[in-house]
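Peer 1: Grabbed the feature section from TrEMBL, which reads as follows:
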- A:129-421: domain 'NADH:quinone oxidoreductase/Mrp antiporter transmembrane' (DOMAIN)
- A:6-26: transmembrane segment (TRANSMEM)
- A:33-52: transmembrane segment (TRANSMEM)
- A:72-92: transmembrane segment (TRANSMEM)
- A:112-128: transmembrane segment (TRANSMEM)
- A:134-151: transmembrane segment (TRANSMEM)
- A:163-187: transmembrane segment (TRANSMEM)
- A:215-236: transmembrane segment (TRANSMEM)
- A:248-267: transmembrane segment (TRANSMEM)
- A:279-301: transmembrane segment (TRANSMEM)
- A:377-399: transmembrane segment (TRANSMEM)
- A:411-431: transmembrane segment (TRANSMEM)
- A:451-468: transmembrane segment (TRANSMEM)
Amino acid sequence: MTGTPALLLTLAPIVAPIAAAAAAYLMGWRRPVAIATVAAAAIVLIAGAWSATWTADGGEVAAGNWLRIDALSGVMLIVIGAVGVVATWAGIGYLDDELATGHTDVEGARRYGVLVPLFLAAMVVAVLANNLGLLWAAVEGTTIVTAFLVGHRRSRRSVEASWKYVIICSVGIALAYLGTVLVNYAAEHAGVEGSLDWTQLVAHASELDPGVMRLAFALLVVGFGTKAGLVPLHSWLPDAHSQAPAPVSALMSGVLLPVAVYALARYRVIAVAGIDPGFVRGLLLAVGLASLLLAAGLLLAQRDYKRLLAYSSIEHMALAVVGLAIGTPLAIAATLLHIVGHGLGKAVLFCSAGEILAREGTTRIDAVRGLFARTPVLAGLFGAGLVALLGLPPFSLFVSEIGLIRAMVGAGAWWVAAVVLLLLLVVFVAISGKAAGILLGDPPSRDPGVSAPAAGSSGVVGTVATVAGLRASTVVPLVGALVAVAVLGIVDWPLGQLLHAAGQIVGTR
Amino acid sequence: MTQLLYLICGGLLLSSVMVLWRRELSAIVRLLVVQGVLLGALALVLAGRLDSVELVVVAIGVVALKAVLVPRILRRVLRDGNEARETEPLVNVTASIVAAAFLILLAYAASRPLVRLSPSAETQAVPVGLAMVLLGFFVLVTRRRALSQIVGFLLLDNGIAATAFLITGGVPGIVELAVSLDVLLVVLVLQVLTARLRTTFGGTDIDELRELHD
Amino acid sequence: MSTLGVVVQVVLLIVVAPYLVGVMRQVRARLEGRAGAGAGQPWRDLRKLFRKEPMSPAGSSWVFVAAPAVLVASTLVIAAVSPFVATVSPLDGVADLFAVVALLLLGTVALALAGLDTGTAFGGMGASREMTVAALAEPTILLAGFALSARVGSTNLSAIVERGQQSPGAVLSPATLLAAVALAVVVVAEAGRLPVDNPSTHLELTMIHEAMVLEYAGRDLALVEFASALRLTVLLGLWANLFLPWGVATTASAPALLLGVVAFVAKVAVLGAVLAAGEVFMAKLRLFRVPELLAGSFLFGVLAVSSSFFLA
Amino acid sequence: MSIGWALVGVLVIAGLGALGAVATGSRGRALVAGVSTAGVGVFGVLAGVSALGGEAFSKTIPQLLPLSEVTVTVDALSGLFCALIGGVAVIAGLYNIGYSDGHGSRTGQSLLPLFVAAMILVPAAGNVTTFLVLWEVMALVSLMLVLAEHRLRPSVRDAGVWYAAMTHAGLVAILLGLVLFASKAGGESFTALRDADLSTTTRSVIFVLVFVGFGSKAGMVPLHVWLPRAHPEAPSPVSALMSAAMVKLGLYGVLRVGLDLLGGGPRWWWLLVLVAGGVSALFGVLQASVAVDLKRLLGYSTTENMGLILLGVGAGGMFAADGNRTLGSLLIAAGLLHALNHAGFKTLLFLGAGSVLRATGLRDLDRLGGLVSRMPATTALFGVGALAAAALPPGNGFVSEWLLLQGLIHGLPGADAVVAVAMPLAVGVVALTAGLGVATFVKAFGTGFLARPRSEEAAGAKESPRTMRFAMLVAAAVCAGLAISPASLGPALTRVLEALPTVRDGSPLEGGVTLRLTGIAGSISPVLILAGLFVAGLLVVVLVRRGLPRRESLVWGCGGTRLDPRMEYTATSFAEPLTRVFDDVLRPEHDVDVTHHAESQYLIESVRYRQRVDDRVEAALYPPVLAAGNKLGAVLSRLQNGSVHRYLALGLGGLIVVLVVVGLTA
């Protein structure tokens, strides 16, 4: 599809969040603004789903040379939209609590209201960009937008986290820019018109100079790998994810990291055509497996449940990159399904972890005990999210992990499959052991004087409905997300064809 | 003309190395100004060689951004704090210079494919850009002050800009614009964060930030 | 006619069993220089006991009451199905070597449970020791059975006995001899004879079997005593017929059965006498040396099986 | 009823049951969950029986499971396991009605029918992904059920973590094995796998991986560590389902993949299975023989019995690999029959243990006792189970062990040295296992139920509600049926064996009253043995009945006063000789605490003696692995020490490495 409808379809998911941001800027953090933010995320989701009508059978929605939706972008739009809806919806209650407990002020809430939709918009631009320079700029834009979201609370720790975040990510993304420049160089030299247009580059991928492209691809892997939380510049991630407000952590982990992986997927298509596929696979595998090892080891040693979730994000992105490394259509489809499942699951986890933090006042794993006995609904959400992320059925991560393993073995990389499975086992043991400590058992007898901040207390935005001490506006999106992940794990139709088409775009035999 | 090009490139590299050497923060900012100007000059020279009006505009923009705007922000950071000197860097100056030599050699080795693709006067100078990137990175790794880290990042960014100019005469205009805007915004963000660091930690020694760890 | 064989066999065993115990005691007495009470004394004791009232210890249950009956019944079933007098029997296919072994174990279990049911330390101690010995004896029995049946291709007792009769040379084969030694040890252990257990001791700390039945009195005790005699007879009879199969009737004719009866009585008497004589010169092993003895017999069992393969 | 509809029934009832249990209040919940579980079980049995009757079923649903599809195929092999699981579920479901009445948690009760449904569907899976999904659903649901009582005992949490970890480790092995298989075969449906033509090396790798995975589910040593933890900690109906039904799916996996999909293999595969089975049987029974926790004892007994079953399957596989189909089919039939028998008696035993637990709150045999007069029905029913578990006639366990021995001893003629060494040892193992099994269950029954109570809790025990007793009665009846007429299963077993191409060989056992074997001269008649025992016992009773009436007396206390229950022999003391004999294997730990009088160190106030027998295999193998993991974590933590400089240095280092590598590989 091209022309004006295509332009509308591609611009809508960008404009909607920007409009929500503008509203927040003008009106401050109010209920209508909050709803508008959720609606903006929903528009992204709808745009993604709608575009699937054209893209699921291999078509595309192109608006000029700059913006374009194909199946791959479509999947990413759906991820952004879905996770966005969950995070912004659950974020309403979060911010109400923050305001009620005095952790933030009206100005802080306004900033939050402006930055979150802008963050969404930047990510949408990244996945819709056909021009790789624009893609880069949008990814860099996310860093700038989220810098102040990470430091939302202005505590020592959040300032520390945001400094590390901005410095490391800026460096990493600068390296990606260098890579982009080199691709541009190779493209110009090969006489590719519109030298950073992805479509053009793919069409002429085999003409690009392999020497330059190898260097470029290596820099891109390190650079975008930084944003995806991959070794060697992964270190910002646990700090930023543990300090950012829960809904922002959810968005960063669930969407931002995958967007970086998405960028790598786009470049992979160009790289494999021009240079030795073994190099591409080896590099991605090295980065992926090293990250997986790191995540597994640090999960074992973890004492903080928000950092635990952060390392779990590293683990899942590592898995996604290993999927890219394998790069068969099945691997790509599985990777994308994995990204979808991970995004939603992580949103649930970060949002419920935020609630746990609000109640318990600590993020130490050994300080939270017997959660099921005290707040069954919250513990159930957290537990179900963990079950999903540990890759157990009926959640889609199980199917996608099987798909990934099948792809690995099918591509002859059975040793990779073995290593990955072993490391995943370590991850499983680490997370399940710690989760058992948090969730199960009898609660410790508490000092009655110290009561957790009253959940469900009326915030600035008005009275709220509660479910078992949790806001409906928190429970509904989280339960919805879990149901969605489960449905995706059981039924093929919502995404199956789209994933298949995306697999065809990126995948190589 | 080629001589001029090489002269400018030499100046760029030298200014990066000098940053490693100097401890005075204001001197480092001055070096950054010099580098910005040299970068603009580079663009101008290339504009001449490639007959590109667009590059002239870019050159003006580069000078405005990297030699005027950004240093001004940095000076404000410098003025807000009372830390005029870099505290003891994590790697001492001698070792830094040796490391710099190694990094420059690495840059030469790594950029061979770039040169090989189209050997010309400009691409011959590409290793300089890459070396600047690595040196900037090195500054980030070894310097403790928040300002020095910002400078390190800017050095790295200048290196990329230099590389971009040298190999292709710059990326497409709109991307260049976006990149510049991004750089400016990052610097602004870092400026704000530096201020927050100062209020919450009472200083800008980045090495003090050790509360978040495993 | 073959049904008659079964009846004859069962009746014979019932009658002979106490006499066997009597003979053994007599042999022993004579060897120890005593006059002895005569071979019929066990029967007289039984008659006396059957008339006395049974007693159940306070707190015990139906298990205590039922155990003697189960013990006797299981032994009687063995007496009925095994080829002691004749190999032709309508019950031939009912139980093979393994089933017989399991039935013996069933009896042991019944008594052990009764011992535990009394709730005394003695009962528990006896049960515990008895089960330990029985458990450790099990591998030897089955391996010896393996060695015997490997030659025949069947675990059917009649088949083994008949094959022994047909090829007498095989009785002297290494496999059979080794199995015979192994089984002999086990028979001693299962029957509760020296050196594993001392049937005449009433010193608490050395008792195994006797400790379990300490609380039995009257006709319960009679049943237990009778069963123990019957078990001894059955074990000796089985051993005799497996390794010395001569004389066992292979047809159901009266003369053959008669010969079978005579041969059985003779074999069992001789074996009993030998066993009793051996006991005179033996002291009881410490309980925790018994496993060593059983391990030795297990070794013989393994050797028996492997020699039946490697030396056959 | 057609298999397809029965499976639909399984799903529908499970779903309705789960929803119903969620919706009902605490009063009716156990009833809803129990009835629906039993209902699911009934449909499972129906599906299984249809399949065993010769019906086959196959269906593919491409709309389900992204990246793959759902394929369901049911043959006789699947059918046997569907029926087995269904049968256990019927009993456990009925039992649950009384057991969980009023205090079953919403989660625990609603998951019960789902657990059963997952288990029934596992053997019906017809492609790799379907199988793996169902397998893992089953694992997850069972994990949640194990955790149902997490608030009551801290040990539940540990058990859950161990279970989760081990079952996931098993999944990893199975996943890798099956995916490798599917990839080499070029398709993931079982039909494609069956038709694949693979190299022996590949097949061996697949088999070993799969065996490790299924072995861990079946509780094979050394992967058994979860079993004696998780099975005891679960609520008793769940324990029964796990121990009697779920572990059997490990067996199913070995049979399905090893003998069906891979179509048999070289002899060493099966030797491996045999050895693993033998070691597990022996180790399991040894641990059971010294265990004092009744449910832990039953858990180790499951390891033992699964060991025996796999020993039989291994030996059968060996013979089949040698071309001796007669013995191959006999031994595998023995294994399958033992699986059925074990399902029967282990259900009964765990339910019995559950009744005791419910009545006394105790699992510790050292504190039980005296239940025979307080819970007569439960005692009698547990006794039936114990008899079967001890493999004594006339129990049903005896028949299958007899078959197993028959298969093992008849392989010698015409065998080579490996068989000649393996078989006697296998017989020795089976025999020692049987012997120790007898001692174990004498201990369990004798100290747990007989004599006088050893604690107030045991003294105050009340008989269980009628539904529970009825459920146990059904289980006992099943055991009795299996014991009396094993030969009637002949046709079904024959059909199952037909699904295994390398073993297929007519019917292995036949006969009515007397159980006869095909091709082997050996027979027993469980019915006649039972009848004989009955008649002889009756005769004895009738003949001896005359005379003076029975009198109650004091027990003899060595001349002392009335004996205290504390002076009774306990389970620990019962097992003491065995503990000493197997000292080297068990390595018991003894603690003696002597408290002296305050006035004089020569006067003793009290002595405390404690003995603990830990799982030595676990203690030897698992701590090093855990320590290695912690080491890894500690080392990697150093990378994450909070210094942004270190983080950036890591990045620069990484960049340099990448640049060097790019340069070097040019």
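Just so you know, the numbers here start at 1 and follow the chain as drawn.
Cβ coordinates come from backbone N, Cα and C, glycine included.
Describe the structural context of these features.
Peer 2: Under 8 Å from some Cβ of the transmembrane segment (A:6-26) lie the Cβ atoms of residues 32-33, 36-37, 39-41, 43-44, 47-48, 50-51, 61-64, 67-69, 77, 80-81, 110, 113-118, 120-121, 124-125, 128, all in the same chain and six or more residues away from its ends.
Residues 13, 31, 34, 37-38, 40-49, 51-52, 55-56, 116, 120, 123-124, 127-128, 245-248, 250-251, 254-255, 258-259, 262, 265-266, 336, 339-340, 343-344, 346-348, 350-351, 461, 471, 473-474, 476-478, 480-481, 484, 495, 498-499, 502, 505-506 of the same chain lie 6 or more positions beyond the ends of the transmembrane segment (A:72-92) yet place their CB under 8 Å from a CB of it.
Residues 10, 13-14, 17-18, 20-21, 24-25, 28-29, 33-34, 37, 40-41, 44, 67-69, 73, 76-77, 80, 84, 88, 91, 95, 104, 134-135, 138-139, 141-142, 145-146, 148-149, 152, 245, 247-248, 251, 255-256, 259, 262-263 of the same chain lie 6 or more positions beyond the ends of the transmembrane segment (A:112-128) yet place their CB under 8 Å from a CB of it.
Sequence-distant contacts of the transmembrane segment (A:248-267) (same chain, at least 6 residues past either end, Cβ-Cβ under 8 Å): 72, 76, 79-80, 83-84, 86-87, 90-91, 116, 119-120, 123, 126-127, 132, 135-136, 139, 142, 146, 149-150, 152, 176, 179, 183, 198, 217, 220-221, 224-229, 237, 240-242, 284, 306, 309-310, 313, 317, 320-321, 324, 332, 335, 339, 342-344, 346-347, 349-351, 353-354, 506.
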Peer 1: Which residues, given as numbers and ranges, are at least 6 beyond the ends of the transmembrane segment (A:134-151) yet have a Cβ under 8 Å from it?
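Peer 2: Answer is 66, 111-112, 115-116, 118-119, 122-123, 125-126, 158-159, 161-162, 165-166, 169-170, 173, 176-177, 180, 198, 224, 227, 240, 243-245, 248, 252, 256, 259-260, 263, 266.
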Peer 1: Quick check for me: are there 3+ Cβ pairs below 8 Å between the transmembrane segment (A:377-399) and the transmembrane segment (A:411-431), leaving out pairs under 6 residues apart?
Peer 2: yes
